[in-house]
Amino acid sequence: MGLLDPSQKEVLRFAVNCRILTLVLQALFNLIIPDHHADAFCPPRLAPSGSADQLVEGLLGGLSRWDAEHFLFIAEHGYLYEHNFAFFPGFPLALLMGTELLRPLQGLLSQRSCLLVSVALLNLLFSVLAAVALHDLGCLVLHCPRQALCAALLFCISPANVFLAAGYSEALFAFLTFSAMGQLERGRGWASGLLFALAAGVRSNGLVSLGFLLHSQCRGFCSSLAVLSPWKPLVKLMASVCLSVLIVSLPFALFQYRAYIQFCSPGSAPSIPEPLLQLAADKGYRLAGENAPPWCSWDLPLIYNYIQDVYWNVGLLRYYELKQVPNFLLATPVTVLVVWATWTYVTTHPWLCLTLGLQRTKDRENPEKPHRGFLSPKVFVYLVHAAALLVFGGLCMHVQVLTRFLASSTPIMYWFPAHLLQDQEPLLRCVDTEPGKLPQEKSPPGQKAPRNCLMKLFYDWKRCSPVTRCVLVYFLTYWLLGLILHCNFLPWT
């Protein structure tokens, strides 16, 4: 940690502590609370279970609930069933690489137990690296070290906490996405494009991140028009746009092609163990080698669209039913947060928003005073990204996933609450510090001042403003409630 500045050390320390606490609590809740008998994917265990496997299951079994079972199944058996293709291959491949590092334990543990250990260790690593990457990105975009630090600390107690620890792809996706954004802010387009492509191989919404590359290229094009004739920059823009689209969409295209070859080409059925064949027969899961599914005859045969439609009933306004009101209530806080952030930014920078962030001021001779923090002009493209994800998720997806969907995809989820804390909380309202230095707070005699601004707020809870209490209660409630419910197959997905 000698190469890290004090703020980075604080983020790293707090992130590791939160991850370890999460693993301990999920084991505790999994032990003392009986599992709910949910109608979820539950494949049979093919390997015999020894005492070491039972110990691993007892300690880490809470990480294998709901969709985590799909990722573990894919990592162990591959893409056998049609609906497995709803889950992208990036995270299962990472789990397989993790189990290779655990090869010395494979004589003691079954493949599934090794995968569970891999889930715990890799997601601890990915979520910690994501916190560090978010802090780095915040310093580059916000130009406000205190706000960047506060946002990274908030990520450590994210409302999507359980999904950053369990066998889900959110932690890996957040790390790749925040890292790609940071590389783009540094002007490293190639590195950013490759990281965005990797993220698109982890989750489908990684394709939306293509917009960051396109916006950056359009900004460069507009800047070059002031000194060059338009033709050369235009040709360069078209070439870079085409290349960006190709690079970022390639993992998705290859994944869809793999599914087409498996399900739509004759003689492509893999060998499947009998218990898994029986599961397919009992549950009606489609296997390769049977009659070709309907999507094979589409003009654009995309299995992903078909699965979301048929298996998960994902579509415009399909989730708007009276029985889903509790799930809409669960998604209300994150919706309010992003809408509030959008309104605050648009009312502060109307001209910047009208010009899509390509021209900062209407009057170049009398430019407005530059803002720092969340209201920085650089935040515009990130806000558009967050708003687009919210609109799509709210209209077309199962709304209860909005929290983890946004919390792992957009830094706005943490930048805006950090802005609220710094703007509305008198305890944090002081002169900004230089990059790399932690704020020095006054403390009572004989008591060491906390370097972590969140810990300071927890210590002085009674003096906190109502806005601060609302933000922290939201983050901590979802942080803890998600662990209690999700780890016992209760409805928190």
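Glycine too: its Cβ is placed from the backbone N, Cα and C atoms.
The topological domain 'Cytoplasmic' annotation in Swiss-Prot covers 1-13 (among others).
With helix defined as DSSP H, G or I and strand as E or B, the topological domain 'Lumenal' (35-77) counts 25 helix, 0 strand, 18 coil. As annotated by Swiss-Prot, topological domain 'Lumenal' applies to 35-77 (among others), with the evidence given as similarity to another entry.
Taken from Swiss-Prot, the feature topological domain 'Cytoplasmic' covers 99-113 (among others). Long-range contacts of the topological domain 'Cytoplasmic' (99-113) within the same chain: residues 45, 47-50, 52-53, 56-57, 72, 75-76, each at least 6 residues beyond the stretch ends and with a Cβ under 8 Å from a Cβ of the stretch.
Swiss-Prot lists 158-161 (among others) with the feature topological domain 'Cytoplasmic'. Averaged over the topological domain 'Cytoplasmic' (158-161), the predicted model has a pLDDT of 97.
Annotated topological domain 'Lumenal' per Swiss-Prot: 183-192 (among others), in sequence order, evidence recorded as similarity to another entry. Packing against the topological domain 'Lumenal' (183-192) from elsewhere in the chain are residues 137, 140-141, 212-213, 216-217, 240, 378: each is 6 or more residues past its ends and has a CB under 8 Å from a CB in it.
Here Swiss-Prot flags 214-234 (among others) as topological domain 'Cytoplasmic'. Listed by sequence, the residues of this chain that lie at least six past the ends of the topological domain 'Cytoplasmic' (214-234) yet keep a Cβ under 8 A from its Cβ atoms are 184, 189, 240-241, 244, 356-359, 381.
Under the heading topological domain 'Lumenal', Swiss-Prot lists 256-327 (among others). With DSSP classes pooled into helix, strand and coil, the tally for the topological domain 'Lumenal' (256-327) is 37 helix, 1 strand, 34 coil.
Marked as topological domain 'Cytoplasmic' by Swiss-Prot: 349-378 (among others).
Positions annotated as topological domain 'Lumenal' by Swiss-Prot: 400-469 (among others).
Beyond its flanks by at least six residues, the transmembrane segment (14-34) meets 58-63, 120, 124, 127-128, 131-132, 152-153, 155-157, 161-162, 164-166, 452, 454, 480, 483-484, 487-488 of its own chain at Cβ-Cβ distances under 8 Å. The feature transmembrane segment is assigned by Swiss-Prot to 14-34 (among others), with sequence analysis given as support.
Taken from Swiss-Prot, the feature transmembrane segment covers 78-98 (among others), and the record attributes it to sequence analysis. Within the chain carrying the transmembrane segment (78-98), a Cβ under 8 angstroms from the stretch's Cβ atoms is held by residues 67, 70-72, 115, 117-119, 121-122, 167-169, 172-173, 198-199, 201-204, 251, 255, 258-259, 262-263, 270, 272, 276, 280, 285-288, 293, 303-304, 307-308, 311-312, all 6 or more beyond its ends.
Residues annotated as transmembrane segment in Swiss-Prot, with sequence analysis given as evidence: 114-134 (among others).
Taken from Swiss-Prot, the feature transmembrane segment covers 137-157 (among others), and the record attributes it to sequence analysis.
The annotation transmembrane segment is assigned in Swiss-Prot to 162-182 (among others).
Taken from Swiss-Prot, the feature transmembrane segment covers 193-213 (among others), and the record attributes it to sequence analysis. Same-chain residues lying 6+ beyond the ends of the transmembrane segment (193-213) with a Cβ under 8 Å from its Cβ atoms: 88-91, 169-170, 172-173, 176-177, 179-181, 183-184, 243-245, 247-252, 255, 304, 381, 384-385, 388-389, 405, 408-409.
Sequence-distant contacts of the transmembrane segment (235-255) (same chain, six or more residues past either end, CB-CB distance under 8 Å): 85, 88-90, 189, 193-194, 196-198, 200-201, 204, 206-207, 209-210, 213-214, 217-218, 220-221, 304. The transmembrane segment annotation in Swiss-Prot covers 235-255 (among others).
Among the recorded stretches 137-157, 162-182, 379-399, 470-490, the one sharing the largest number of Cβ pairs closer than 8 Å with the transmembrane segment (328-348) is 379-399. Here the topological domain 'Cytoplasmic' (158-161) has long-range neighbours at 18, 22, 170, 333-334, 403-404, 407-408, 413-414, 474-475, 478-479, 482-483, meaning same-chain residues at least 6 beyond its ends whose C-beta is under 8 angstroms from one of its own.
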